[in-house]
């Protein structure tokens with residue numbers, strides 16, 4: 001939803017179809033083999049309902065994304081845009097990555113950063129409690145500050161000057177991370193970087209432009225009132241036009 | 001794994017086949033419809049490998065369990081044994097239930113308690129952060145104490161004299177919960193209550209006894225090194241004889 005919000009802001013004329021695979025969340029604890037299978041099923045579903053491009057708005061799922069096309073559709077992950085935005089501003093060349101255990105384990109950000117600039121030093125930190133803290137609605141809470149303080153210790157001791165929020169839940173925590181990291185550290189979320197890259201591809205004609213007014217339809221793979229509540233809250237002031245159940249088998 | 005450990009201790013002569021549905025965990029955020037489908041698939045798998053009885057070692061999955069048999073196998077949930085153990089010792093008749101959001105939402109403990117004794121007062125508390133805290137290995141940590149302090153406020157203000165640990169992750173936190181609740185409150189975990197009920201059914205001949213020495217085979221639906229590590233840690237000093245991948249479709 002944080003990625004959808006960025007896309008909505010950058011591309012006000014486009015329509016969005018959001019698929020939340022709530023029946024099989026979280027992806028952060030699953031193996032690459034399983035995540036790849038889920039990703040292919042999800043893209044097939046999106047193709048069947050007629051989208052023109054797919055954004056994989058999840059860092060863990062983005063780590064298994066090896067191609068720029070899936071099922072004949074252009075497909076975007078969040079890793080490379082985040083890496084490019086981090087490199088664009090680092091002076092020290094020391095970049096921290098906060099992410100789920102699976103994203104850290106994949107080394108995807110480190111690889112993406114080093115592929116562009118081989119002399120940067122990357123400090124990865126797995127933060128498995130941040131997603132449940134956001135989902136509990138405790139983003140602005142002393143408990144979250146205590147947990148963040150612990151997660152930030154290693155990156156700050158390594159003197160990072162840039163911190164990548166390597167999970168699409170974390171933009172909700174951006175101001176808290178910024179406060180705890182201090183004003184000299186740049187905090188990067190991939191969502192806006194990605195949205196500008198999609199906008200550039202539409203501008204260049206690599207994806208046809210819509211300009212049809214811009215609705216938001218949401219599909220989920222399970223009924224989830226708490227997801228509906230949190231999703232609407234994150235997306236506000238932008239409204240969701242419809243919520244439907246997507247029957248993605250097989251599970 | 002906390003339930004398997006209790007069963008292993010109470011039934012040293014039996015063999016156990018443990019199925020961890022790690023590809024689709026956690027169940028605590030999923031709908032009853034989805035959980036029921038997963039449960040049926042899992043029991044089919046266990047029947048195909050030849051078990052004589054099934055223990056549903058998950059409170060959330062136990063909440064959708066309406067029958068004493070599934071696919072022709074005797075099947076045990078953890079809710080009723082926990083409720084009976086809680087009622088056996090309460091003086092005040094005020095019982096607290098700590099559980100996942102899904103278990104609290106189902107009202108399963110409240111229904112089970114009131115079905116046996118209609119004058120008890122039940123205080124349910126959803127504790128969504130406890131599972132990730134246990135899985136992070138922070139069971140004995142100031143952060144967990146702070147979170148528990150918050151979750152225990154409502155039950156303690158209602159003057160419970162018994163607290164049910166209504167999630168199979170929580171026995172790892174039993175001593176911390178006991179310390180924070182104080183010595184006058186009984187803390188119940190369903191695992192041992194359930195194990196004694198299974199033992200009684202074997203004793204009574206309702207399930208044939210094995211006496212074949214008692215191995216432990218573990219199947220998981222996804223490769224998960226962190227689950228393997230945590231599982232072995234919880235089960236110690238009991239050893240696991242084999243780890244295998246179970247191909248449960250369709251997902």
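Glycine is treated like the rest: Cβ placed from N, Cα and C.
Here's what TrEMBL has on this protein:
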| type | residues | note |
| --- | --- | --- |
| ACT_SITE | A:58 | active site, proton donor/acceptor |
| ACT_SITE | A:167 | active site, proton donor/acceptor |
| BINDING | A:27, A:28, A:59, A:60, A:168, A:169 | substrate binding site |
Alpha-carbon spacing, residue A:59 (substrate binding site) to residue A:167 (active site, proton donor/acceptor), which is rounded to whole Å: 5
Longest CA-CA distance among A:27, A:28, A:59, A:60, A:168, A:169, per record bound to substrate, angstrom: 12
Neighbour count (Cβ, 10 Å) for residue A:167 (active site, proton donor/acceptor): 27
Cα-to-Cα gap, residue A:28 (substrate binding site) vs residue A:58 (active site, proton donor/acceptor), nearest whole Å: 9
Cβ-Cβ distance under 8 Å to residue A:27 (substrate binding site), same chain, at least six residues away: A:21, A:35, A:38, A:58, A:60, A:61, A:102
Cβ neighbour count (within 10 Å, all chains shown) around residue A:168 (substrate binding site): 26
Coarse DSSP state, helix versus strand versus coil, of residue A:28 (substrate binding site): helix
Set of same-chain residues at least 6 away whose C-beta sits under 8 angstroms from residue A:169 (substrate binding site): A:2, A:130, A:131, A:134, A:135
Secondary structure of residue A:167 (active site, proton donor/acceptor) (DSSP, helix/strand/coil): coil
For residue A:60 (substrate binding site), the number of other Cβ atoms found within 10 Å of its own Cβ: 27
Per DSSP, three-state class assigned to residue A:58 (active site, proton donor/acceptor): coil
